[in-house]
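Feature annotation from TrEMBL assigns domain 'Phosphatase 2A Regulatory Subunit A helical' to A:356-505. Residues annotated as repeat 'HEAT' in TrEMBL: A:87-125, A:164-202, A:203-241, A:242-280, A:281-319, A:320-358, A:359-397, A:398-436, A:515-548, A:559-586.
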Amino acid sequence: MNPESEELYPIAILIDELRHDDVSLRLNAIKRLNTIALALGHQRTREELIPFLDESIDDEDEVLLTLAGELGEFTEYIGGPQFAHILLQPLENLAAVEETMVRDKAVESLNKICPQLSQAQLEQYYIPLLKRLTLGDWFTSRTSATGLYACGYPLASPASQEDMRKSFGQLCADDTPMVRRAAATHLGGFAKKVGKEHLISDIIPLFNKLAQDEQDSVRLLTVTDLVAIAEELSPEESKAYFLQTLKSMVADKSWRVRYMIADNFVKLSKAVGEEFTREDLVVAFVRLLKDNEAEVRTAASGQVPGFSELIDKDTILNYILPCVRDLVTDTSQHVRAALAMQISGLAPILGKEATTEHLLPLFLQLLKDEFPDVRLNIISKLETVNKVIGIELLSQSLLPAIVELAEDKQWRVRLAIIDYIPLLATQLGVEFFDEKLGALCMSWLGDSVFSIREAATVNLRKLTEVFGVDWAKQTIIPKVLAMGTHPNYLYRMTTIFAITAMAPAVTPEVIRDYILPTVTNLVSDPIPNIRFNVAKSIEALIPVLMQNPDTVPLVDQQLKPALVKLSEDSDNDVRFFSQKALLPVQ
Amino acid sequence: ERDRNEWDIEKAEMKARIAFLEGEKRGVDNTKLDLMKRVKMLEFALRQERSKYVEGN
């Protein structure tokens, strides 16, 4: 070989690249590892590259992480599945390093390679690897091992399956909580693979042991296992095996465990079957709804509609609703917010009558909550209730509450309601809005607090976006323009603000026919405040008009003369703002 | 005094920016070098494969 080809030798290049000081360059080198493999060809990748990676890599975690990911996709570069076991060696090393991310990635890659192995490869290479990791001195390799059982199990011979179950049992009883946690995390996945007979004889005892672990971090991870195992069993079996465990979990002294139960309650109920749910879970659920830790109540509130779907109506009315009623006045705002988000989901389940009778009062109470998120959540889900009880009934009970809030003495409360108006309008439709809320929106324009007036003008623009320009032309614009002749100059100012805010949302024709005449009228207003706001408004209108070729001439015909007139005003500010507006058009 | 301070701060920011850009440039140059090497390597491998193929025929 000549010296040039020596340099082109792929592994030499890789070594070179891996010797860089700059981590990002080494990272790039590893990311493009398949180029090297491609240049080497299958055989030499197997014989040279993989052993090299196996022994000589000692790098930053970031580089190792990338390597672990790359190796999972490497089967095609080493000659296909019949050689896939060669990748196990370097991945085994990576699965034992200290950094969690690297280990997890290595486990992920191993799980990708595992299904490609033949049974012979599995027995000869994979299972021994599993054993070595399971018996590793450091907890790192043992934690990695827990993630590898589920994948290899279905392929293994019955004898090795027996072994695998035993060694998984060992991991569940490990001295360190880290390994027990990992075992608890992967128990559910493993349980799904072992078949029913062994599930009952081997896995359930393991589960029971972990569920009673002294560490609450281990116990809380078993909740998802419970769901996974219960899905494999028939309802009677779940009841026989889990009733006791479930009871003790709901009453666990660590709130984190109770939280996990509450958070997974619907999944759990679906997994254990209807009968069990009706007979025993209702009591447990009620208990969680009354938990003395707010986080648990929040999680449980989130499950209310999902759980109610699984039980009959009487049970909801007798057991669940009283709790919900208590939660509406809960001391924690997060609980109330979670409940407000979910409570409307109960309406379709309860039907029209029960909703009107039981839910509406709760609705109205939540609507008056002092915490804005609660109100927002309840308003954003009105559509569901609307479908059940119809707009008539809803508006009858809802409207008084909204009107009351809209006329509240506190301007912050009024402001809060204005923010929700566009959302309400989308949910309830144009007819309802015109009839009931239209006047309300207009009255805000004449509010004594500026912030309310300002919010009301923005609100008009949003409504125009929701209901369309034609609607605005008929309903809003005439009323707004009528205010332009109001004796109080503050009202006239509101008109200017409103049309400026709405201009981007309406069509050029509307601006030409309705807005421009009003603006040009106000140019000669006696109050200087109005005049310079007209100048500002014109400044905002110009770009809108410039966008459409039909209205471009209007700028020169109407707006420019108006501005020129204003720029010769006797008031300083009027001159300033009109000259500023004139600048871009000259 | 205040102008002077502002000027100092601005200058320091500019210097930091220059240093950053220089570093980036160096990094990109190095990457380019590596990539060139890889291209050569692949060309070499391709040539070898091809000569094998020709011999095989």
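Each residue, glycine too, has its Cβ placed from N, Cα and C.
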At a C-beta cut-off of under 8 Å, are there same-chain residues at least 6 beyond the repeat 'HEAT' (A:164-202) that contact it? List them, or none.
127, 130-131, 134, 139, 142-143, 145-147, 149-150, 152-154, 156, 209-210, 213, 215, 217-218, 221-222, 224-225, 227-229, 231-233, 237, 241
Whole-number mean of pLDDT values that fall within the repeat 'HEAT' (A:398-436):
76
Sequence-remote contacts (6 or more beyond its ends) of the repeat 'HEAT' (A:359-397), Cβ cut-off under 8 Å?
324-325, 328-329, 333, 336-337, 339-341, 343-348, 350-352, 405, 416, 420, 423-424, 427-429, 432, 436
Secondary structure content, the repeat 'HEAT' (A:164-202) (per DSSP, counts of residues)
31 helix, 0 strand, 8 coil
Please list the DSSP helix, strand and coil residue counts for the repeat 'HEAT' (A:242-280).
33 helix, 0 strand, 6 coil
